[in-house]
């Protein structure tokens with residue numbers, strides 16, 4: 001059984017509705033401002049505790065920690081991720097063009113700091129392939145690899161110190177940028193890196209990582225290419241030097257890939273059945289180190305090994321501050337990529353597990369992590385895709401899992417690190433490549449993206465091609481600009497429609513999609529589905545003129561006829577009547593409807609502003625211009641469904657000088673009823689709506 005609704009109420013203009021239901025904006029606004037200032041400036045014990053819990057979240061969640069329920073999951077998840085951090089930290093250090101030990105440092109300090117300041121319960125921070133690759137490009141530009149260098153000389157030690165100095169400077173500057181963004185509350189900027197951009201960027205960056213690791217997997221000693229077309233330059237260099245491939249390192253790489261790929265696939269497919277993922281990376285590292293040591297592969301077959309890994313805790317060291325002017329541009333891109341990936345991951349798992357994260361607090365957490373860790377010879381860090389997924393799958397509940405992760409890395413730093421002296425670098429290169437599995441699989445989402453949104457599909461493709469063909473930082477910038485251009489183009493070409501009324505209802509819908517709706521006689525109801533600003537004002541004007549037939553010829557002819565009619569009226573009417581009609585803009589609507597003799601039957605134009613999100617000065621002036629042009633042809637303009645900001649700008653721009661304030665209504669139906677009553681001249685103005 002269908003239900004019907006009868007509504008009896010007065011017709012509401014915006015002014016009348018505000019008088020009946022609105023509030024005094026000036027008083028409440030001043031009170032709100034005063035209360036806000038007083039609240040911010042109030043200093044009390046409770047306020048200080050609230051600020052402490054907000055800015056140092058560990059004081060918020062640790063007292064409420066459910067020991068019996070969460071400790072086992074956090075322990076298993078943290079230990080599992082810690083074991084994975086060891087090979088990945090050393091492997092991603094190679095991407096950063098620094099010694100493997102610095103990857104272990106970067107897997108320790110940021111983890112501890114994020115545990116204290118971060119809001120993502122399932123986020124695992126540390127080394128990330130894309131960030132490491134971008135940092136490595138900066139390091140290679142400022143401290144290029146010499147073709148001939150004795151690895152045991154003091155020159156090599158100075159060379160490594162210069163490289164980690166640059167990488168630490170990038171981390172420090174990145175942390176400072178994040179802290180400045182936190183101070184300005186700019187956490188919302190991460191939204192400009194949309195999901196298609198982030199996925200296309202990481203997928204394309206995975207190709208850069210893979211190509212850059214080919215030389216280590218093949219045992220080639222080649223200089224690293226940077227800048228535009230670096231991927232193709234590296235690939236061409238590898239192809240050119242294929243005859244010089246080290247057979248022993250090639251075999252090591254093939255064996256490692258034959259082990260890593262299937263086991264990681266098993267971990268992915270059976271992650272629900274496995275208590276913890278099989279730690280294939282650390283097992284591969286241990287076995288490969290043992291085989292290389294027992295067989296003396298470095299001296300017998302001239303394979304490249306990790307070399308000396310110092311035991312103990314790193315001492316504080318000042319980054320290379322003098323490089324700030326040279327690294328500033330690249331660091332901005334690294335900062336945005338690291339922050340966008342971190343916040344995206346945190347939001348995904350927060351939505352999945354029903355809690356919220358705070359983007360601005362994430363800026364503070366990652367800013368402090370990068371700033372503090374940079375003084376302990378760490379390169380930039382961020383949340384990581386693989387370890388975050390493993391942490392959640394292994395049963396991690398809270399940030400406390402980071403404590404167990406850092407304990408595993410700490411044990412390696414203090415005791416076990418030197419044992420990896422004979423680890424072949426080809427093994428680390430294979431770990432790098434196989435860790436990119438999730439990024440390569442993002443291609444599977446393209447068909448669905450094409451089906452959902454062709455524009456987002458184009459953003460994905462343009463970003464991917466730009467990153468692959470040019471470079472990671474330039475490609476990211478092109479992707480962001482192209483994405484913003486699609487938004488601008490969509491607002492510039494927003495649809496303008498004529499609305500019709502569904503019979504015996506107050507519902508109005510576009511006529512092109514609802515053939516059974518009818519156009520209200522004498523009233524042209526228009527809606528524009530977008531903002532009206534300087535970028536689309538000409539398109540808005542063209543659409544309105546086309547739908548209303550406001551050609552310059554018609555405006556001139558109607559204005560000439562109107563002036564002739566007014567002249568005849570002035571000659572026939574006494575002077576007192578002349579003063580009453582001096583302001584033709586606000587003459588009686590009844591008089592207008594009776595004297596309307598235009599060729600068109602359109603007597604009033606009603607603009608539905610419900611989809612107009614904002615109007616700038618140019619858009620407001622266009623409203624004024626169209627209002628005067630419509631009046632010249634004897635057509636009055638009405639507005640409905642204006643939001644507060646749009647109405648405020650239109651009023652401030654002087655539109656009410658050319659338009660009756662009583663022609664702005666709360667709903668489209670209120671305006672239609674008012675116009676029809678003016679034509680029929682009813683005794684009361686009550687609207688009856690049957691639904």
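Keep in mind that glycine also has a Cβ here, set from the backbone N, Cα and C atoms.
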Per TrEMBL, the range holding transmembrane segment, considering 310-330, 331-351, 436-456: 331-351
Recorded stretch, among 70-86, 242-262, 363-383, 403-423, maximising Cβ pairs under 8 Å relative to the transmembrane segment (92-116): 363-383
Contact yes or no, the transmembrane segment (363-383) and the transmembrane segment (70-86), 3+ Cβ pairs under 8 Å, gap 6+: no
For the transmembrane segment (457-482), distant same-chain residues with Cβ under 8 A (at least six beyond the ends): 130, 133-134, 137, 192-194, 196-197, 199-201, 203-205, 207-208, 226-232, 329-330, 333-334, 336-337, 446, 449-450
Folded-back contacts onto the transmembrane segment (242-262), same chain, C-beta under 8 angstroms, at least six residues removed: 216-220, 280-281, 284, 288, 297, 301-304, 424, 426-427, 429-431, 433-434
Listed stretch, out of 164-188, 331-351, 403-423, that has the most CB pairs under 8 angstroms to the transmembrane segment (274-294): 403-423
Leading stretch by Cβ pairs under 8 Å, where the reference is the transmembrane segment (331-351) and the options are 70-86, 164-188, 403-423: 164-188
Same-chain residue ranges lying at least 6 outside the transmembrane segment (164-188) that approach it to Cβ under 8 Å: 96-99, 102, 135, 138-139, 142-143, 317, 319-321, 323-324, 327-328, 330-332, 334-335, 338-339, 343, 358-364, 366-375, 377-381
Reported mean pLDDT - the domain 'STAS' (513-675): 77
